[in-house]
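**Student:** Below is a structure I'd like to ask you about.
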Amino acid sequence: MGDKVASTIENLQNPDQVSYLSQREAAEIDEILMGPLGFSVDQLMELAGLSVATSIAEVYKSSEYSRVLAICGPGNNGGDGLVAARHLHHFGYKPFVCYPKRTPKALYSGLVTQLESLSIPFLAVEDLPVDLSNDFDILVDAMFGFSFHGAPRPPFDDLIRRLVCLHSHDQTRQRAPVIVSVDIPSGWHVEDGDVGGEGIKPDMLVSLTAPKLCAKKFSGPHHFLGGRFVPPSIAEKYKLRLPPYPGISMCVRIGKPPQVDISALRENYISPVFLEDQLEADPIDQFRKWFDDAVAAGLHEPNAMALSTSDKDGKPSSRMVLLKGVDKEGFVWYTNYESRKGREISENPRASLLFYWDGLNRQVRVEGTVQKVPEEESEKYFHSRPRGSQIGAIVSKQSSIIPGREVLYQEYEDLEAKFSDGNLIPKPKHWGGYRLKPEVVEFWQGQKSRLHDRLQYSLKEINGRQVWKIDRLAP
Ligand SMILES: Cc1cc2nc3c(=O)[nH]c(=O)nc-3n(C[C@H](O)[C@H](O)[C@H](O)COP(=O)(O)O)c2cc1C
């Protein structure tokens, strides 16, 4: 069942499997949404612009691609661009807007007022550099949408030419700005695409509601779908096959992400400096402060940590586990005592933990000795878990070789039936917690040009007392 769902999702992310709309179908869907389905144009525009902004943020980080020029046409597509510019401002980008043919309607003048209130500069076409490559990192092409036909008129013909010209820089420059087209690359035929082959070649296309037929001809690295508002009645009527949006995201990628050159992945960290006078005297207090920051920053699973152990011959191994408690006694996680890590800890109780909090540019390293937590503590935690996880802990002979998934399902179902009366599920003997008592804790914060901060606590005995000594280490 699970495998079937996964393969359907995979199919729907394959560009050959998703649906593409004709111009007529796209227009009909808009009419239904704004007619019997009760949407207003303002709502759809807001959601479309938000989808464009989140698609951009998913691929192009503001730390590297901060300067965005949104080139907005007079219609709905231009409105999507104006909304995207507003969201991008709130996401930490520095947007500029070129909106040469303003539409005298309340919706559009409201969007302009909102952007002006954020001090987002409006640039006239005459004020734009002929070569857009030096002043911007991202160019949002929001000139024409699916209802456009005919030949683009001034000043949009010239603006399109400027976007086309950028491709010739690709070979010569280190990095030309990227072009993000909203729904349709401006100047393309809605169904036939870039007919003459001389049009804009966007790096990213954000299709709205569903891709239009021209999107089949899109050959750039990032095709996203946005407009998470299509109700089932429309999906059924138009037999739409679209990839499901992950989690609470407003956008979803169509097709595979491009292969990245791992050696070229390099982040220039920008954080406030981390100085000795900001440190707590005790590393557990310092850890709690940083952990609270990671929670407040909304990071996913901030309690995930890499646990490294080694066997009696010193052969190391690492895996992720979840931190389930921390206090002056140490760091606690739960697992199977008969797993590989359990066996290794019994042979060699020395271990290390590593937390990495992307987004805060921080890591924490912890080293020390490990002990099992008292049985009562493990019992208490075991019974606080959902019943499914309790059964799972019994089912899994963690780290042993099994012939296939079926054995897990079978045993799970048997145990589910056995405990269906709601009675207490006994904790298996081989399952419980470990506590690592720290001897060395290092707090690392990434800084510009690799001049990172590293502050290390190590436990020293001074006059018969255990005290934490703090040193700064070279990055
Ligand atoms: C984010 C994350 C959290 C995990 N948390 C735990 C955990 O708390 N306890 C655990 O036994 N395994 C956890 N696992 C699975 C372990 O990484 C690992 O597969 C398992 O414990 C077997 O490891 P071993 O064979 O080295 O003993 C987690 C995996 C991930 C990716």
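Cβ coordinates come from backbone N, Cα and C, glycine included.
Found this in TrEMBL, in case it helps:
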- Asn76, Asn77, Gly78, Gly79, Asp80, Gly145, Phe146, Ser147, Phe148, His149, Gly150, Ala151, Asp183: (6S)-NADPHX binding site (BINDING)
- Asn77, Asp141, Ser186: K(+) binding site (BINDING)
- 26-242: domain 'YjeF N-terminal' (DOMAIN)
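What does the local environment look like for each feature on the list?
**Tutor:** Annotation note: Asn76 ((6S)-NADPHX binding site) sits in a helical segment as assigned by DSSP. Cβ neighbour count for Asn76 ((6S)-NADPHX binding site): 24 (other Cβ atoms within 10 Å of its Cβ, all protein chains included).
DSSP assigns Ser186 (K(+) binding site) to coil in the three-state reduction, placing it in neither a helix nor a strand. For Ser186 (K(+) binding site), the number of other Cβ atoms no farther than 10 Å from its own Cβ, over all displayed protein chains, is 26.
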**Student:** Please name the residue among the binding-site residues Phe146, Phe148 whose C-beta has the most neighbouring C-beta atoms within 10 angstroms.
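**Tutor:** The largest 10 Å Cβ neighbour count belongs to Phe146.
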**Student:** Measuring CB to CB from Asp183 ((6S)-NADPHX binding site), give everything in the same chain under 8 Å that is also at least six residues away in sequence.
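**Tutor:** Counting only residues 6 or more apart in sequence, the Cβ neighbours of Asp183 ((6S)-NADPHX binding site) under 8 Å are Ala48, Asn77, Asp80, Gly145, Phe146, Leu205, Val206, Ser207, Leu208, Lys212.
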**Student:** Indicate the candidate from Asn77, Gly78, Asp80, Asp141, Gly150 with the smallest number of other Cβ atoms within 10 Å of its Cβ, considering only these binding-site residues.
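**Tutor:** The binding-site residues Asn77, Gly78, Asp80, Asp141, Gly150 were compared, and Gly150 has the fewest Cβ atoms within 10 Å.
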**Student:** So around the K(+) site, Asn77, Asp141, Ser186 aside, which residues have their CB within 8 A of the centroid of those CB atoms?
**Tutor:** Ile71, Gly73, Gly78, Gly81, Ala142, Met143, Phe144, Gly145, Ser181, Val182, Asp183, Ile184, Pro185
**Student:** Among Asn76, Gly78, Phe148, Gly150, these being the binding-site residues, pick the one whose CA is nearest to that of Asp141 (K(+) binding site).
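**Tutor:** So, of the listed binding-site residues, the one sitting closest to Asp141 (K(+) binding site) is Gly78.
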**Student:** Using C-alpha atoms only, work out the spacing between Ser186 (K(+) binding site) and Gly78 ((6S)-NADPHX binding site) and round it to an integer in Å.
**Tutor:** 11
